[in-house]
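Asks: This structure is in structure tokens; I'll ask about it shortly.
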Amino acid sequence: MGAMAPRTLLLLLAAALAPTQTRAGPHSMRYFETAVSRPGLGEPRYISVGYVDNKEFVRFDSDAENPRYEPQAPWMEQEGPEYWERITQIAKGQEQWFRVNLRTLLGYYNQSAGGTHTLQWMYGCDVGSDGRLLRGYEQFAYDGCDYIALNEDLKTWTAADMAAQITRRKWEQAGAAEYYRAYLEGECVEWLHRYLKNGNATLLRTDSPKAHVTHHPRSKGEVTLRCWALGFYPADITLTWQLNGEELTQDMELVETRPAGDGTFQKWASVVVPLGKEQNYTCRVYHEGLPEPLTLRWEPPPSTDSYMVIVAVLGVLGAMAIIGAVVAFVMKRRRNTGGKGGDYALAPGSQSSEMSLRDCKA
């Protein structure tokens, strides 16, 4: 790849930006761009997808009936026609850049034009609670493998193989790192703040996690305790296990935070402990939606004996309530009949049961 990846997409819109106030970070913006060659089926397919805080908000697909950037979040619909027309034209320019560099990489790797190949580019930025850049990203991959990436210092490159070394030398001569760093520290951060402002009702909300601990028996006198955090937003969360107040790090299994499918996230952390020692372990949950961190233990279910005692007590209480209701009813009837036994008075024309039985004799 000789030419640097285009950055016009956001640079051309920089004049429209203004400082905004957002909820404490961190927040992120990412663009994932992909081109896939398909010999005999026309030009490579190009797709660009943008995410803010892991939520898709824009998409471009060259295979669409009318290829253009489309909003993928309701809050992006407030952008006017000029915005969409401009970034669509920029996307079509980037589509051409991908096609050219796919052909260039075929030469670098001495590959024929008859196969299917993929070029990917991920770029974006993270900001902290002060609104400033935490980290920037510029990463390229070819055929599913790392190719070249801008290092965290935003000054140097890491090339994955000999072909990528060619690109690294060309980009170093062209000052590409300075070019990308200026974008990441400037326009990327500013556009992220703008999008956070536009989508504040969705992106700046906080949903506190619902947490609990589950118990999973193992062999050899051990059990797994798993601490669950469900239904939280934003995605940033910390789960830790402690033994008698001391944090466990090496012995803890932690899964990546993953979307729940309803706009919230979920995560769990587990630890293997000796059977019978479960109460010595606590799970701590940290999330900005919580007024203070949660501390949880595994709560064993009631034993069979305890359950029977509870059932017996509830049965006695229920019986006492029924007896009390009957006594109250009888006392009330006695008061209503002047205390003469509380017998029911027969209505005019009615017959007692004894009379009816006599009348029915054969």
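Placement of Cβ uses the backbone N, Cα and C atoms for every residue, glycine included.
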Asks: The disulfide recorded in Swiss-Prot for CYS188 goes to which of CYS125, CYS283, CYS360?
Replies: CYS125
Asks: Cα-Cα, whole number of Å: CYS125 (disulfide bond) versus CYS283 (disulfide bond)?
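Replies: Taking the Cα atoms only, CYS125 (disulfide bond) lies 31 Å from CYS283 (disulfide bond).
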Asks: Tell me which of the disulfide-bonded residues CYS125, CYS188, CYS227 sits in the most Cβ-dense spot, judged by other Cβ atoms within 10 Å.
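Replies: That would be CYS227, with the most Cβ atoms nearby.
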Asks: Write down the Cα-Cα distance for CYS188 (disulfide bond) and CYS227 (disulfide bond), rounded and given in Å.
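Replies: Pair distance, Cα basis, whole Å: 36 Å.
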Asks: Run through the region 'Alpha-2' (115-206) and tell me, per DSSP, how many residues are helix, strand and coil.
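Replies: Tallying H, G and I as helix, E and B as strand, the rest coil: 40 helix, 29 strand, 23 coil.
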